[in-house]
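Swiss-Prot lists 1-33 with the feature signal peptide, giving sequence analysis as the kind of evidence. The annotation N-linked glycosylation site is assigned in Swiss-Prot to ASN138, ASN411. Look at Swiss-Prot and you will find 495-531 tagged as domain 'EGF-like', backed by sequence analysis. If you look up Swiss-Prot, you'll see CYS496-CYS506, CYS500-CYS519, CYS521-CYS530 marked as disulfide bond, on the strength of sequence analysis. Per Swiss-Prot, the feature transmembrane segment maps to 544-564, 568-588, 604-624, 628-648, 652-672, 689-709, 716-736. What Swiss-Prot lists as topological domain 'Cytoplasmic' is 673-688, 737-769, and the listing cites sequence analysis.
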Amino acid sequence: MGRVGAGGTAREAATGSLLLLLLLLARPPPAAASNSKESEAGLVSEHFSQAPQKLSFYSWYGSTRLFHFRVPPDTVLLRWLLHVSQGSPSCTDEEITVHFRYGAPPVINPLGTSFPDNTLSHASFHIRALLSTLMLDNTSVNISHPAPGDWFLVAHLPPSSQKIQVKGFVPTCAYIFQPDMLVMRVVEVSTLEPDVPLPQTLLSYPSYLKIFVPEYTQELRLELQGCVSSVSPGCPVRVTVGATTLPRNFQRVLTCTGLAPSCHLLLSSPPWGRWLQVTFESLAEPHVTVGFTAKAVFTVCRPWSVTIHHLIQNNPNQTYDTSAIQLSQSAVHRDLGRSSRVDSGPFCLLNYPVLREDTDVVSVHFQPLNGAFVLVHSSMPSVMQLRLDTGMDSGGSFIIVLRTNKTEVTNGTLVAACVNAASPFLSFNTSLNCTTAFFQGYPMFLRASSHMANLIMPFPETDNWYLSLQLVCPESPEDCEQAVVRVETILYLVPCLNDCGPYGQCLLLRRYGYVYAGCSCKAGWRGWSCTDNSTAQTVAQQRAAALLLTLSNLMFLAPIAISLHRSFLVEASVYFYTMFFSTFYHACDQPGEAVLCILSYDTLQYCDFLGSGASTWVTILCMARLKTILKQVLLVLGTLVIAMSLQMDRRGIWNLMGPCVFAFVIMASMWIYRCGHRGQCYPTSWQRWVFYLLPGISMASVGIAMYTSMMTSDNYYYTHSIWHILLAGSAAFLLPPREEKAGSWACLQKFPCHYQICRNDRDELYTVT
């Protein structure tokens, strides 16, 4: 089982020799030189590492950092060394959480949100430690006898404060995380063959065996016979069967400490088609020899496969539709009874072949070959094998839906179903707990009062999964002898459940070649599939937010009117551009029902940011009172520079503030020049300062302070609306008076609205008579 430990001094990166030394120190010291050499010859060490990643504060699954490792077979010891560094000594001491899981990415819930109904959500195995603790010590996680295959680590910082940070305005701190994996595996492993006794002798070091479990194994009996000790009577041996998995571990341990020379371990439904690790350890004192004989006995049954051949024989004149492809009850009982008399043994299950159809990335559909229905009997379970073993199926959500007609399940009958990994559950006649040798399955039931059951499995483990169903009559078993229930199965793998609903967005995430999915929620909705509405906005709140963010842009009508009145036609055009695209960008940016997008979201966002920067640019240049030609050139060049900087980094604050600061320098230089040239302060009127410049500067300062330090995800809709009002209001106050030679609405007077008689000065070339 995993355990957290510390050792060594702080390191930015550990060398391979140091890592190997740490791994070797984790093992007990040798009892004898000869035995140590013999043990060292059968063990090899390997080291794996991945590129470091920058951690983020947790808001949804996409803000975590995923690491994917593959543990080789026959590994007896695994150690993760967790390295953390910071980008600056001034970084705060944050808590770092690391989750571990075998077979699939960990299912985590740092925010404590609710999952959808019938969703499996086991607590993940994780460790938490402060940054200072991780940097002072080499924090490690050790796992004995880990399961071979895919292992996943997920690391993140504490939940975010929901504050909207402006990139580049406030210095950020980088927290870098890198795990190293060290394994020690056995290269000399004896194979325990079925029904063949294998003598073993233990001294100080364990003995490692492996057993191959064939398909359709009902039971495995592991026996220790003739166990003797050189000093004391009894059998001081501990047997560990299976591998360690996280977050749930189903390793089986047998301790033979009695006086009897034999003991055994019985495993029901062991994992099919794979090697099973067995470790024998001596519990006697050092230098005490323990000898015994190990033996594995299998109980194997035969499956009855429902194939197309059987279906054709039972229904020769019918087509393959849902109603026609049904296995006759009498034919099943007749064939099973005739075949069970063969010497090869009785049937233990009814096997339904399954068609796997890959439809998209992390999208698979399963369907029985004979249609969507499965016939469920009381004599034996009906089993479907669901292959989720490609290594790319563990990044989505696996949904299982079972349905039956209300008339087929009576009050005294019950359809019991179990979903298990590695091997199916076959013991419905004795228990309904869905427990196999190394896995706790997930039960599902169909009753007269509930004719539908569903199960949602986020991030299913990479394995062969089995769905087994059987008809059970707890009160009167004789009622089930001739009964057959037809169950409809809907089995599919999708990236996100219901595509994260109306208040979420399903996003595909990638770590090297591994693809997984997560839900990004909006409008206050939270949870794994954006179904937790504990902090959600109501429809009225959503509409109010949309109206505030869009209608607040009408404040730009004031600077537009003032610009036209003072003959600033270019400035009025820029303000209108900003008002138009800011309005429709925020109409498209809303979650839920209040959404209106006239262009793509990315285009609207770019135009909104460009309008904000250009509005500030033209306002400051207008205040500088430059000559017309120079002013027009700077207006065009500045807008082009802002457009280029937004293309490079749209959310970088200095990409917008840089050109605006340059414009402010130009304005300040012109004002200082006029002050020196005229011998008095510019602008000269105190009314201009008191009633226009100071209010405009105050509104701009408050708006910038609010934009950079006060916005959060919760108050965004009204703080950003105030930002719109302050930005437009400051532009209206800061615009300078019109030129002395220009009259009011002079630009509009250039567009006459009446007829004019024009004199034709061209010469007549010819005359028409």
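Glycine is no exception: its Cβ is also placed from the backbone N, Cα and C atoms.
Overlay of Swiss-Prot feature records on the structure.
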residue	record	DSSP class
ASN138	N-linked glycosylation site	coil
ASN411	N-linked glycosylation site	coil
CYS496	disulfide bond	coil
CYS506	disulfide bond	strand
CYS519	disulfide bond	strand
CYS530	disulfide bond	coil
For CYS519 (disulfide bond), the one of ASN138, CYS496, CYS506, CYS530 that lies nearest, given that the recorded positions are compared by Cα: CYS506
Using Cα-Cα distances with a 10 Å cut-off, which of the recorded positions ASN138, ASN411, CYS500, CYS521 are near CYS506 (disulfide bond)? CYS500, CYS521
Have a look at the glycosylation sites (ASN138, ASN411) and report the one with the fewest Cβ neighbours inside 10 Å. ASN411
Structural state census, the topological domain 'Cytoplasmic' (673-688) (DSSP three-state): 9 helix, 0 strand, 7 coil
Among 628-648, 652-672, 689-709, 716-736, which stretch has the most Cβ pairs under 8 Å to the transmembrane segment (568-588)? 716-736
Counting distance between Cα atoms, which of the recorded positions ASN138, ASN411, CYS496, CYS500 is nearest CYS530 (disulfide bond)? CYS500
Would you report the average pLDDT that the model assigns to the topological domain 'Cytoplasmic' (737-769)? 52
For CYS521 (disulfide bond): intrachain residues, at least 6 apart, with Cβ closer than 8 Å: TRP60, CYS500, TYR503, GLY504, GLY527, CYS530
Return the residues near CYS496 (disulfide bond) by Cβ distance under 8 Å, restricted to its own chain and a separation of at least 6 in sequence. GLY396, SER397, GLY504, CYS506, ALA517, GLY518, CYS519, SER529
Counting other C-beta atoms within 10 angstroms, the emptiest spot among the disulfide-bonded residues CYS506, CYS519 is CYS506
Rank the disulfide-bonded residues CYS500, CYS530 by the number of other Cβ atoms within 10 Å of each Cβ, and give the residue at the low end. CYS500
Write down the Cα-Cα distance for ASN138 (N-linked glycosylation site) and ASN411 (N-linked glycosylation site), rounded and given in Å. 61
